[in-house]
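According to TrEMBL, the protein has these features:
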- 32-51: transmembrane segment (TRANSMEM)
- 58-79: transmembrane segment (TRANSMEM)
- 99-116: transmembrane segment (TRANSMEM)
- 125-144: transmembrane segment (TRANSMEM)
- 156-182: transmembrane segment (TRANSMEM)
- 194-211: transmembrane segment (TRANSMEM)
- 223-242: transmembrane segment (TRANSMEM)
- 249-270: transmembrane segment (TRANSMEM)
- 276-295: transmembrane segment (TRANSMEM)
Amino acid sequence: WGLMLVLSVAIYGSHAPLLTLCKVDGMIPFNSTSVVVLVELTKLMFSLLFLLTWNRELLGVAVSWRHVAPFALSALLYAANNNLVVHMQLFMDPSTYQVLSNLKIVSTALLYSLFLRQRLSMRKWLALFLLVAAGVSYSCGGLQDPGSPSKMQLHVTLVGLLLISVYCLISGLSAVYTEAVLKTQALPLSLQNLFLYFFGVLLNLIGYFWSSAEGGFLEGFSSWVLVIVVSQALNGLIMSVVMKHSSNITRLFVISCSILVNALLSVTLFSLQLTLLFFVAVSCIGLAVHLYYGVT
């Protein structure tokens, strides 16, 4: 568990720096939908490999459509969220998105408590709000480029606020719904992942062809993009284990802790500087971990 969670923190934290390394003249040179398709395909291949290696006897087992159908909705919700992220950029600047997207911690916790009937104490709710505070603090200026103005100005339209609200709702719903499906079915995780990622590949392929993207499927790809594909696929598999055997709350703490890795890589690779807000964020995360998991 320790190794998996540390690896997941490292992958979450390295995602944004890796995307920056992929940029050419300040622009992402590849189609993001192509990357999502490849990530889903890689997860599907790994799931099949795990099934063939450790659960080969399940290949001949008859599976009802009632076991398979719920994963179609999970994949649809994830695909919808991936597309929302792209469209939201038209109605707000990236900094505003980074700040407001932290509200998905609250939506996930509310839906987790409501639909999975997991009652959270006031102490645990305080811990989760500290995670939100940590994310907002870091997004508002935890890192600073010495050559740019330190004052950050946020811009968002009314449509942007509506979209970010829908994004946070779907983000929480997709995570909690998938956790519920994984836990209520008696099937092995490798088989469940096979169903989930099959629909993930199918829906994202439809999205790719629907968008009529210009250029080739692999246009603009580099070795850094392949690192992103493999790392994100591995992280998806780890998160499925977390949701099957732990909870979405653990996933929220993993994402928040990834701030530390993101900051370390940003300082090392891009010569950014840590600000007071970074240390505020770290303090909030440390206190949140103590409140949620510490001994009462």
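Any Cβ shown, glycine's included, is placed from N, Cα and C.
Counted over residue pairs separated by six or more positions, the transmembrane segment (125-144) shares at least 3 Cβ pairs under 8 angstroms with the transmembrane segment (99-116), which defines the two as touching. Here the transmembrane segment (99-116) lies next to the transmembrane segment (249-270) in space: the count of CB pairs under 8 Å, restricted to residues six or more apart, reaches at least 3.
Segment contact holds for the transmembrane segment (223-242) and the transmembrane segment (32-51), given three or more CB pairs below 8 angstroms at sequence separation of 6 or more. Proximity of the transmembrane segment (194-211) to the transmembrane segment (32-51) is established through 3 or more Cβ-Cβ distances under 8 Å for residue pairs spaced 6 or more apart. Using a Cβ-Cβ cut-off under 8 Å and counting only residues 6 or more beyond its ends in the same chain, the transmembrane segment (276-295) has close neighbours at 123-124, 126-128, 130-131, 133-135, 137-138, 140-143, 249, 253, 256-257, 259-260, 263.
Counting only same-chain residues 6+ beyond the ends of the transmembrane segment (156-182), those with a CB under 8 A from a CB of the stretch are 70-71, 73-74, 77-78, 80-81, 84-85, 87-88, 91-93, 96-97, 100-101, 103-104, 106-112, 115-116, 189, 192, 196, 240, 243-244, 247-248, 251.
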